[in-house]
Structures are given as C-alpha cells and as structure tokens.
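For reference, Swiss-Prot has these:
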type     : residues                               : note
DOMAIN   : 13-209                                 : domain 'Lon N-terminal'
BINDING  : 362, 363, 364, 365, 366, 367, 368, 369 : ATP binding site
DOMAIN   : 598-779                                : domain 'Lon proteolytic'
ACT_SITE : 685                                    : active site
ACT_SITE : 728                                    : active site
C-alpha cells in the first residue's frame with residue numbers, strides 16, 4: 001500500500017471517469033463510485049495521505065465503455081474535494097464532492113489505474129464587467145423560460161443559482177443543468193472567456209427553447225385532434241343509441257340503399273360480384289373509419305356509372321341538317337365536311353359506334369374542336385373534353401389502384417360518370433402533346449381505349465372490373481403527327497389545312513366580326529369593316545394558319561371603336577378601312593415575301609410551308625476559293641443540308657452539259673444561304689431551288705425572279721412530290737409570283753386548290769430537274785459561255 005501512495009504527489013492525483021454528465025467549478029453534488037477501477041482508485045487514497053480529499057474527474061466520450069482508454073477521455077476535467085464518503089451495502093461508494101477548478105489533464109496509468117498530472121486552467125480576466133452582467137441577465141431570463149418549458153428542472157434552481165456572487169459560477173450552474181448532449185456541455189467547460197461562455201450558453205438555450213416550443217405546439221395539436229376524435233366517436237356512439245331507441249338507423253339505411261342499387265342496376269356479372277363483396281366488407285367496418293369511407297366512395301363510383309345499355313335507336317341523325325349546320329359553322333373544309341357526313345351516315349344506318357376513331361390534324365385555330373362539337377350536336381350525344389396536353393401519368397387514363405392514397409378512376413371513366421351516359425362524344429384534345437415519364441406512357445395506355453376490339457372490355461385500375469366503352473365516340477385532335485405510330489394506326493387521320501386568304505375573308509365577314517360586335521356590346525350600325533381592311537388585317541397584322549389571331553385583332557378594333565363612341569357625343573359610328581386601320585392597331589406587324597423586279601445570278605425563289613401557312617423563301621449562293629465543298633447556312637435542319645449536298649452532286653454530274661469546266665467547281669467552295677437565319681428551316685422541298693441557284697451561279701445566267709419553285713431533287717435529277725401545296729401556292733400568289741414550278745407527282749393535288757388561286761398563277765408540273773432550268777433561267781443554259789459569276 002505504501003508503494004501505491006508514493007506514486008501520488010501534489011500534482012498527480014487519481015482520475016475518475018464519469019458518464020453522461022460534465023462537471024463545472026462551483027458545483028456540489030453526489031457521485032456514485034461503482035466500477036472496479038474507480039473503487040480501487042478511491043481506496044488507494046488511503047487514510048493518512050494529505051491528498052485523501054482531492055481527486056480529478058473527467059467525462060468519457062463513450063458512455064458504454066466500462067474501462068475507458070486514455071484516448072476516450074476528455075483532456076479538460078475538474079479538480080474536486082471529497083467532503084463526505086459513504087460505503088454502500090453492495091461495496092460501492094457514494095461520495096459528496098465540491099468542484100474546485102477546471103484543469104488540463106495529462107493522463108496515464110499507474111498500476112493499471114487512471115491517474116493524471118493536472119494544471120489549473122483559470123477563467124480569463126474580465127475586462128468589461130457591465131457587459132458581462134447584461135449578457136448574464138439575458139441568459140438568466142432565457143433559462144427561466146427554458147425551465148418552464150422543459151418541466152424536468154426544479155423551478156427553485158434559479159433561486160439557488162442567483163445566490164452565487166461569482167459570475168463564472170452562475171454560468172457554470174446554468175450550464176450544468178442544461179439538458180443537451182455531453183459534447184455541447186464539454187465545449188462550455190473548455191471556454192475560459194466568461195463572456196464567450198455566456199454567449200455560447202445563450203445560443204444553446206435559445207435553440208433548445210425553439211425545439212421545445214415546436215414540440216409543445218405539435219403535442220398540443222395532436223392532443224386537440226385526439227380530443228376531437230374522441231368527442232366525435234362519443235357523439236357518434238351516442239347518436240347510434242338514440243337512433244336505435246327511436247328505431248332509426250342511417251347506416252343500415254345507406255347499406256340498404258346500396259344493396260338496392262346493386263339489385264336494380266344492370267351490372268355485369270363481374271361488377272355485381274365485386275359490388276357485393278365490397279358491400280359485405282362495408283357492413284363489418286366501423287362506419288367512421290377511414291377504410292369505410294374509401295369503400296363507400298368506391299361503391300358510389302362503381303354504382304354511379306351508366307351500366308344499362310342505352311337503346312340503339314337513340315342515335316337519330318338528319319344528314320341534310322348536319323351538313324347545313326357544318327356549312328353554317330365552318331367555311332370551306334369541303335373534303336373534311338364530306339368525310340364527317342359519311343361518318344354520320346354510317347352511324348345513322350348502323351345505330352352504333354362503327355369503331356372508326358377520327359383524328360383531326362391541323363394548325364391551331366382552324367376549327368378542329370368546333371367540328372367535334374358539331375358531330376356531338378348532329379348525333380344528339382353529350383359532349384365531353386379530355387385535354388391531353390401535358391398529361392404524363394398513365395393513371396390519368398387507366399386510374400390509380402385503390403391502394404394509393406386519394407385514388408380515383410381515370411379521366412375516361414370519370415367523364416362517363418359525370419355525364420351519366422354511354423352515348424357520349426369524348427374529344428381527346430391535343431393528343432400530340434402527351435409526354436412520358438417514369439410513371440409510364442399515357443399514349444400507349446390510350447391504345448386499349450381506342451381499339452374497337454379491346455375497348456368493350458376496358459378495365460380501369462380503380463374499378464378493377466371491365467367496362468364497355470364501345471358506345472363512346474372518341475375523336476382526337478392534334479397539331480402534328482408527333483405521336484406514336486401504333487396510336488396513329490388506331491385512328492383515321494383527317495388533315496385540316498390552314499385557311500387561304502379568301503376563306504379567312506369570308507370567315508371574318510360572316511362569323512368573327514358579328515361575334516366580336518356582339519361580345520363587345522356594339523350595334524351592327526355602329527361599326528363596319530371594308531373587305532380591304534379585313535385583307536390588311538389578314539396579311540400584315542396576323543400570321544397564322546387559323547383565325548384566332550384575326551379574331552383577337554377584330555376584337556381589339558371593336559373595343560377601341562366602342563371607347564371612341566362612348567367618349568364623344570359627335571361620333572355615332574365608325575368605318576374601318578385599309579387607310580385608317582393603322583390608327584387602331586399601329587404599324588404593320590408582319591411582312592410577306594415579295595418577288596423582286598430584277599433577275600439576278602445565284603438567287604432563286606423557293607416556296608416554304610410553315611405552321612402559319614406558306615411563304616416565299618430565297619436561296620442565295622456565292623463562290624469562294626476552296627476545294628469544291630458545299631456549305632449551307634440559315635439555321636437549317638439535317639434534311640435541308642443533305643438536300644443541298646444532293647443538288648450539288650447532281651450538278652457536278654451534269655457540269656459538262658452546262659458548259660462548266662471541271663476546275664470551276666473543284667477549285668471553289670459554294671456557300672448556300674437561306675435568309676432570315678433566326679427561323680429554323682428543314683425539309684427536302686427546296687431541292688430544285690438549290691439546284692437552280694447553283695446552276696445560275698456556275699453559268700452566270702440570271703434566274704427569273706417571277707418564277708418560284710418547290711420540289712425534292714434526287715441524285716438522278718428526278719423531282720419528287722412535296723406537301724403543303726395549297727399554302728405554298730397561296731404564298732406565291734400573295735408575293736406577286738407569276739409562274740410556279742411544282743413536282744409532277746403533285747398534279748392530282750391541284751384539284752383541291754381553289755380556282756381563285758389557280759387562275760392567277762401559271763402552274764407548271766415537271767418531273768426532271770433539267771426541265772426546271774428551261775423555265776427558270778433567263779437564257780438556255782446549254783448555249784451559254786463557260787463563264788462563272790462570283
């Protein structure tokens with residue numbers, strides 16, 4: 001024992017690791033000594049040592065370690081004095097200590113027991129006592145609130161703490177009673193600057209207060225909700241007892257009503273079995289449970305559908321009246337109206353859906369939606385619209401499974417339930433705007449809906465039973481063919497072209513102007529439009545294939561005229577003319593391509609089809625020294641770039657015929673440009689225009705700028721058919737073109753072109769590229785000298 005005592009000096013004392021707490025100078029508290037090493041360390045003090053009442057204590061980082069290592073102990077601890085020692089019956093000891101100072105420890109083991117050499121670490125000198133006093137007062141106020149919220153700290157603590165005269169001891173006492181993790185408390189112990197320790201303590205207390213306030217708020221709300229649920233449950237039970245006494249039972253009445261529907265509705269066998277099964281479950285459920293509400297909602301939807309097959313004779317269509325209505329509501333579109341009346345005729349004769357799904361494809365504003373409404377009116381069927389633009393979830397079509405929170409049937413079933421009819425016209429609007437994501441592709445979900453062989457057994461995920469959609473007339477609309485081919489294959493495509501200028505004029509006179517006069521509160525005698533004014537609107541204030549923009553402009557003029565009439569007593573009416581339209585709408589917004597007067601070398605006029613109709617497109621070319629390469633610019637797509645290369649390759653194969661020497665096209669690069677470079681351009685129909693431009697450039701022969709052309713060119717010089725002929729010819733007429741070269745393969749399309757366009761143009765169908773040169777160039781190419789223009 002004497003040898004052990006000799007190891008303990010004034011600066012080396014036994015070290016006692018403590019768990020789950022941090023000690024601060026100034027505290028007086030009991031400590032339980034129970035671990036074997038700690039008991040041995042206590043006993044080694046002996047009875048006669050001068051250090052028997054002084055020990056070192058520090059916190060261990062891991063509270064689960066029974067025998068902590070030196071590295072698992074914090075190096076800042078405390079020096080304490082034992083004021084009382086009591087041996088417990090289980091050979092453990094309970095000591096009462098007074099913490100004296102904060103110390104820095106150098107820990108080691110002596111005879112396998114922890115000892116440490118220590119250096120006292122005092123607080124820094126206080127420079128601004130008043131500031132510290134204010135900060136401490138603020139900390140005490142916060143801690144008082146913290147005590148009220150925590151409900152785990154004795155409210156009398158502050159009375160005891162405030163009895164300290166040492167500000168550092170006050171901070172230490174507050175920190176010791178803070179309920180937080182050991183690491184945060186240890187950081188407070190290690191701070192020697194009293195001001196900084198107060199600030200850190202204040203931050204910790206403020207954060208804990210926020211956490212406790214949030215927890216208290218959540219607990220309060222949860223308690224209120226629980227009380228409300230208990231109250232509702234109590235009242236419901238009480239109501240049940242009262243109803244039983246009176247002989248009234250709403251729940252039984254509801255179930256009886258559902259059972260009656262199941263018995264009387266013409267449900268399919270599968271649907272009836274499903275309804276019976278769900279009703280049986282409902283009877284066994286607590287009426288106020290969430291599951292009961294979901295089951296009742298399912299039965300309401302299932303039994304709310306029109307299961308009874310409506311009489312086939314309900315379809316009664318007057319074909320002549322339907323055609324009259326179509327003509328009254330839609331100008332032009334003769335082929336479209338003819339196909340619609342054929343469709344209606346088959347419906348009238350068969351008295352049932354014929355399985356043909358029509359799909360109207362055309363630019364915005366050409367009347368696709370109104371055509372569908374006309375079909376609904378002609379068939380005397382209810383009309384419903386399913387907007388597919390932006391739909392990206394397959395569940396929008398097939399519905400969600402009942403296991404999902406907030407599950408509902410798909411839009412098709414929902415529309416049928418809303419209209420309560422199977423004889424329904426459903427417009428699938430903007431079918432080309434469907435998108436896809438990780439939840440599936442709605443476009444392919446529509447395959448089952450639109451397939452006549454499958455839609456009689458359509459199964460919505462929510463219903464989980466088959467439902468017959470064969471009586472529903474589905475009609476789709478789109479702006480382009482940009483949707484999956486299998487879906488396109490399910491439908492009959494009816495293309496609706498943009499309106500030509502004359503058609504827009506008639507639509508404006510007979511539909512748009514009367515509508516806007518009425519909508520804006522004007523009288524027919526108060527405003528009038530000349531034909532020239534309407535044409536001015538069409539040509540220079542709108543650029544579209546349809547008439548929506550034109551209607552908006554007419555509406556704008558009507559509003560300004562109304563304001564003018566109401567603002568002046570002298571003005572009773574206004575006449576809108578080509579000359580004064582600028583006063584209402586400002587300067588012209590658009591300009592169309594116009595033919596130039598002077599023929600030029602290396603410039604050809606092509607014809608382009610755009611979303612807003614047709615337009616002239618210039619093809620320019622120059623030569624620069626190089627290696628016989630072609631460069632095409634003007635924001636062109638891949639197809640147009642390939643068309644440029646094809647035209648150049650065909651020219652090279654025929655260069656000798658055009659009296660162009662080999663050196664001329666192998667020592668120069670050709671730069672082909674399409675002006676208005678900000679506008680994207682693509683497609684093969686500029687092939688012959690590019691070819692003509694190259695020949696003109698290499699031979700020096702000007703191109704007639706009264707001639708425009710369209711057609712795809714092959715490497716053999718053949719001219720292939722193109723699309724959008726009507727719009728292109730309209731653009732040629734508007735631009736002052738006299739002669740238009742088109743592919744011979746488009747000759748049959750001329751039957752659909754209005755005479756008002758054909759009569760003003762010399763339209764020449766051709767099949768070979770060399771034939772184009774004879775018409776488009778100012779002189780015959782084979783007789784020209786072999787000179788070039790750069």
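From the backbone N, Cα and C atoms, a Cβ is placed for every residue, glycine too.
In sequence order, 544, 545, 546, 547, 548, 549 constitute the residues six or more apart from residue 365 (ATP binding site) in its chain with CB-CB distances below 8 Å. Ranking the recorded positions 369, 685 by how many other Cβ atoms lie within 10 angstroms of each Cβ puts 369 at the bottom. Across the structure, residue 728 (active site) and residue 364 (ATP binding site) are spaced 18 Å apart at their Cα atoms. Each residue contributes its Cα atom, and for residue 685 (active site) and residue 369 (ATP binding site) those atoms are 31 Å apart. Residue 362 (ATP binding site) is surrounded by 23 other CB atoms, counting those within 10 A of its CB over all protein chains shown. In sequence order, 479, 544, 545, 546, 548 are the residues of the chain that are 6 or more apart from residue 364 (ATP binding site) and have a CB within less than 8 Å of its CB.
If you count neighbouring Cβ atoms within 10 Å for each of the recorded positions 368, 728, the highest count belongs to 728.
Note: residue 367 (ATP binding site) has non-local neighbours 330, 333, 496, 546, i.e. same-chain residues 6+ apart with C-beta under 8 A of its own C-beta. A sphere of 10 angstroms centred on the C-beta of residue 363 (ATP binding site) encloses 21 other C-beta atoms.
Summarising model confidence by region, the domain 'Lon N-terminal' (13-209) averages a pLDDT of 85. Listed in chain order, the extra residues whose Cβ falls within 8 Å of the Cβ center of the ATP site residues 362, 363, 364, 365, 366, 367, 368, 369 are 360, 477, 479, 496, 545, 546.
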